[in-house]
């Protein structure tokens with residue numbers, strides 16, 4: 001006899017459909033776990049109802065509420081693991097600020113060497129952004145994040161065991177490659193594994209964790225030398241490499257590669273409910289996306305939003321953010337502020353975290369344009385005032401420091417308030433929102449590389465601009481640009 005598998009509706013209604021007739025049975029009570037029913041025929045008019053295990057390949061998986069809770073837990077743990085990459089990004093950005101004073105005590109470092117040590121991380125990020133755009137398609141989103149951990153680890157090992165200037169430079173460049181990959185992979189991975197109702201919040205959390213990484217570097221840098229600081233900087237990458245392999249790859253990427261079964265398992269891993277509708281939506285979105293060609297960049301509906309994303313990237317980097325983050329200790333020491341440079345960096349780190357949280361709540365209420373204009377105005381004014389601090393210190397000396405030693409710290413606090421409200425997070429938000437889907441992968445890689453290339457130019461030429469225009473004129477120039 002051939003066993004008949006009842007439909008889901010018949011299981012919940014207590015009716016089994018057979019040969020266009022309905023045989024009613026007592027209502028089946030569904031507990032936390034249940035298995036599909038089979039009707040075993042034993043002769044004319046004789047049949048009995050048994051509970052048997054049918055392989056999942058033959059019967060769809062039905063998750064209970066407990067499975068949904070477990071899936072949500074797995075989702076959040078995966079997001080936290082991905083956040084470790086964002087923390088590595090933030091730590092790597094600001095590593096040079098507390099490390100440089102200690103490096104100068106142990107290794108002969110010229111002003112030119114200082115510029116290279118700060119800027120090579122952004123040059124590495126240029127290559128990481130270009131390479132990361134391809135790796136997202138080749139290795140997947142999770143695979144790219146895991147690969148970035150290799151670059152972070154290798155870079156910090158060069159710094160820890162490198163006794164020469166060249167090896168320190170190599171370490172900074174290699175960690176920068178990891179930064180470029182993370183800048184692309186984290187938002188894409190989180191967006192593709194999270195349901196719509198928490199996607200925006202969890203993506204914003206990545207920026208928050210990045211600024212926490214900046215703060216951690218400033219705090220640890222007050223007490224640790226550059227080698228121990230590099231050892232501690234390895235921790236987020238190691239945590240990510242140990243935890244992320246237990247998660248699943250992005251369902252969208254798996255479908256793009258034709259791995260439907262793996263995509264179904266990934267959706268069940270992250271959502272835990274019936275995923276047929278979500279699976280159909282993903283498949284439809286992939287089918288409807290046309291193949292990308294370079295000719296697409298000549299189309300107005302493509303190049304206009306593409307150019308609109310480049311402008312905020314340019315403004316972000318020419319707001320001198322990389323200079324201030326990479327050389328924060330040196331800047332506070334040069335201004336002669338009344339507090340120690342280490343304490344000043346910790347204060348601005350705390351302010352950056354707090355303001356970014358407020359900016360997250362205001363972004364959807366006030367809109368991107370309003371926040372971006374406000375942020376540009378406050379940041380520009382702060383840079384002009386910072387230039388005035390250096391100018392009056394140069395012409396009035398100790399008299400200015402005795403009366404206004406608190407002013408440079410106050411100005412930079414206002415600077416980070418303005419920057420964190422718009423110029424910091426919004427260029428990356430705009431990048432994710434404005435680009436058409438068919439060119440998103442290629443254009444995102446180009447925009448990321450452009451952003452870090454601008455950062456490299458600004459940081460590398462900073463000391464030359466100081467010699468040419470003076471420190472005050474340098475900051476006035478940046479204030480005028482944005």
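Glycine is treated like the rest: Cβ placed from N, Cα and C.
Features reported for this protein in TrEMBL:
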DOMAIN    74-482  domain 'Major facilitator superfamily (MFS) profile'
TRANSMEM  75-97  transmembrane segment
TRANSMEM  117-136  transmembrane segment
TRANSMEM  143-161  transmembrane segment
TRANSMEM  167-189  transmembrane segment
TRANSMEM  201-220  transmembrane segment
TRANSMEM  306-326  transmembrane segment
TRANSMEM  346-363  transmembrane segment
TRANSMEM  370-393  transmembrane segment
TRANSMEM  405-430  transmembrane segment
TRANSMEM  442-459  transmembrane segment
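At the 8 Å Cβ cutoff, the transmembrane segment (143-161) and the transmembrane segment (75-97) share at least 3 close pairs (sequence separation 6 or more) and count as touching. Ranking 75-97, 117-136, 306-326, 442-459 by CB pairs under 8 A with the transmembrane segment (201-220) puts 75-97 at the top. Mean model confidence for the domain 'Major facilitator superfamily (MFS) profile' (74-482) is a pLDDT of 90.
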